[in-house]
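As structure tokens, the structure follows; a few thoughts come after it.
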Amino acid sequence: MYATIATHVESSAIAKFSQNHRSNMAKSPITCHILDAALGKPAQGVQVELQKYEESLSESPFRAVATGITNADGRCLDLLPPAGSEGSTPLQGGETYKVIFKTKQYFEGTDRKSFYPWVEIPFTIQNPGEHYHIPLLISPFSFTTYRGS
């Protein structure tokens, strides 16, 4: 009986690992996640823009490359096509990007005022083979971020 339970638990764990591995392979190489720290909930419906730094641009050195909206879990997993898929462009080491989160509209939608109308997070690609996850914790009068996994 114990062997049967152990086998079931082990096979469930392997299936879950395999499912998570496949889902990680099928998402954008740059993703983000926003949590509303004041409410203790994911921030759904936040507009997100990904921009790439290009020195050759004279007016503004950043060019928009993708837009998205956070889902019910506060995540935006489809900013760029998954690596290796049709339409994908490989990330290059040394490239600089920034993610812009339109927080004012989000807070207005929850009947709260916000000090920051948007949050910009610039970052540089160090290893193009890695996944870059940009988490953001927000409240009406503060924000924080870190390099996620």
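Positions of Cβ are set from backbone N, Cα and C atoms, glycine also.
Summarising the annotation, TrEMBL assigns domain 'Transthyretin/hydroxyisourate hydrolase' to 25-148. The substrate binding site annotation in TrEMBL covers H33, R75, Y146.
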Residue counts (helix, strand, coil, in that order) that DSSP gives for the domain 'Transthyretin/hydroxyisourate hydrolase' (25-148): 8 helix, 52 strand, 64 coil
Per-region confidence, the domain 'Transthyretin/hydroxyisourate hydrolase' (25-148) (mean pLDDT, whole number): 93
Binding residues H33, R75, Y146 (substrate) - maximum C-alpha distance in whole Å: 15
